[in-house]
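S.K.: Here's a structure for you.
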Amino acid sequence: RKNTKRVPSFRKLLRTSQIKLDNKLKNKQYKQKSAAKKYRKEQKKLREAVRDAISRKPFPLEECKKKQVAGKWEEKEEEDALPLDMMDEDDLKLMEDLAQKASFLTRDLSSNEPVHVKKRKQESVIEKYEKVPRRLQTEPEKELIHLLPIKDKTGIIPQAVEKPVLNTAHDEEEDTEDTEEAEDFNEEPLPILNPEEMAAQRKQKLQERKMHIAALASAILSEPDSNIKKLKELRAMLMEQDPNVAVIVRKLVMVSLMEIFKDIAPSYKIRPLTEAEKATKVKKETQKLREFEEGLVSQYKFYLENLEQTIKDWKQRKLKKSNVISLKAYKGLAEVAVKCLCELLVALPHFNFHNNIIVLIVPLMNDPSKTISELCVEAVKKLFKQDKLGYASLGVVKVISGLVRGRNYDVRPEVLKVFLHLRIKEVELQKDSEDIAPKKKFMTYKEKRKNLSRMQRKWKKAEEKLERELLEAEASESKEKKLKLHTETLNIVFVTYFRILKKAQKSPLLPAVLEGLAKFAHLINVEFFDDLLIVLHSLIASGDLSYRESLHCILSAFHILSGQGDVLNIDPMKFYTHLYKTLFSLHAGGTNEDIGIVLQCLDVMFAKRRKQVSQQRALAFLKRLSILALHVLPNSSVGILATNRVFMQTFPKMDLLLDNESQGSGVYLPELEEPEHCNAQNTALWELHLLQRHYHPTVQKFASHLIAGAPAEGSGALPLDLSQRSATELFETYCMRGMTFNPPVASVTPRRKDTFSQMDSFVDEELNKQLQQHISETVAHKPLDFAKHLKESSLA
């Protein structure tokens, strides 16, 4: 075929630069060299293949199953091997032709594959393994040392070298040399440190770790965006391996990381970016912020996982493989980890992984360790008190309800008592909605007339109208959200309470349930009132409840009846009777603290239901409360007398008990348990005269005030600081939990020096009296001798 390639013209060669021509020449020479090199490599491979084929020994394809047939196997092999003179001419010619081809020589003779088979790309590993022939382990396999592979145009060529086999004698000599060296090494022991040196060394190590932690923390806090990667370095110190300082360093790192996350965490939840957002180009500042948020969330997640693993290892009594920290020290680590989780639960309720922290903390409220359970309970209480919106509270209530049900109501009462700290009753939705909605100040008509034109006033009016609508919509939306969250939370709380009332009435959780019902009873749906009152009365009538639990039952029942239960036609006389009967079980001992519940019951039963209470019932309670005031501590006496004051001001004809004359027939029966039939009108409040001589000044004031008829004005009236407080407030104000007397008592103990001076003066007076008496007697009997004696004594 004729070459059609055109020869470049002289003018084109002139335009071509010399450098380009040189490069073309170099490329041509390089191609020639590489072709020659490739040819030499092929020839070398061919020679090596021929050499291998000659020197290779044939291996049997199958393993012998029995040693007895070894001889038969050799005989059969000899029979199968045919000499060349017995082969056909065609077969011999075929073998000679194949011998001339490189593929026949380079091919692995032990494989069963055809000569020109192509590699299957999707061939499984098992099929390849099955195709490899079995070989007898007649010779030990030689160990290979794998070297770095060589890469050329054909592909990657693996390189390996056989491991040299040394003589056993030489190995033994080396072993003896090694043992001698080890003995020599052991002959030089480490320096033994005394306790002082060990303490100094430990103190130095600890100081170095502290400085490193402080440097990393200050760098992160100064520039969080730039130094977010140092969080990983600080978190790595949680795996401190030095047994001397491991426990303290890990505790310090846990607390340091907790404080760092509290400071640098933003006030919003970081969401992961979508694929579209990742693909779009953004500004450098935005990209930097994204990297910071991504690093912060990942490190925060790893930190929480470390805390969780520490607590799990302690709970399961597991030690790490390094065995750096003992089980006893692991308890201290677990307590610090729980403290950190509690702090993050309260400080970062809006941030990522808050629900994960709740799931970790709530089961620990039921932990056998009192320290850990108290930490978790206090953290949940703080969260409830500061949660205004209700998202975090809802999450905690859901987990607690699941925990109580999952443990078959076998949990500590403190777990349910945290419901009492929910802000549902205290929160005023209207106030919160006003706080959330920004207050916009609109222009008055005069300001518009003065500063704006007619057209501007028209536009301004439309704009203000739109803004008002938007603000109202925002406020109503937030109010609806809050109401919805509170409703869902209360539903879960009441479901938990009702389950316990139905299925576990003898559970230790019953007091907490009754206390919770007393707090939230005004929020229960009216449909449940009848059934709930029947259950409460049956619990009281069963007699299985303690006096405290029965007081909570009474309080719950009257909270129900004082709210939406006013429309129900229910006579709660049985609850009045039970409270009247329970009053005498209280005293100045351990039951004194329960007087607060009694005061709440009396407020709901009498002050808020004055129209439904008869005069006989009020007189009976007034008399029994006056008797009770003599048997309790001063703070309880003040609260009871304050309640009696409310009785005397609320109900008419209570001053009958201030008169000695009886009203009507009958005798007062103090031991009768029915307040309506005890004839309380025929007795007198003689207890007030005893309380007038009480050692507590406030009790004296209240007793004198009640004896005067509880006047609102005049000489017998109470001071404002006492008259304006409720009975419950006075009970808490004059409480003696701190072993202090309120008001404080002035000390009147005389000093020892003053006592001695008084005794000396008394002795001197007695001696002077006796001396004067003696002198008077002497002068009367011997006046001249006495005068002479005085003169001599004066001269002397």
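The count begins at 1 with the first shown residue.
Cβ from N, Cα, C; glycine included.
Just so you know, TrEMBL annotations never went through curation; they're auto-generated.
The shown structure was predicted, so the numbers you read here are calculated from the model rather than taken from an experiment.
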S.K.: Which of these ranges is annotated coiled coil in TrEMBL: 5-48, 445-488?
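M.R.: Here TrEMBL associates coiled coil with the stretch 445-488.
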S.K.: Along the coiled coil (445-488), what average pLDDT does this model show?
M.R.: 73
S.K.: Counting by DSSP, what is the helix, strand and coil composition of the domain 'Nucleolar complex-associated protein 3 N-terminal' (209-303)?
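M.R.: Computed counts for the domain 'Nucleolar complex-associated protein 3 N-terminal' (209-303) are 68 helix, 0 strand, 27 coil.
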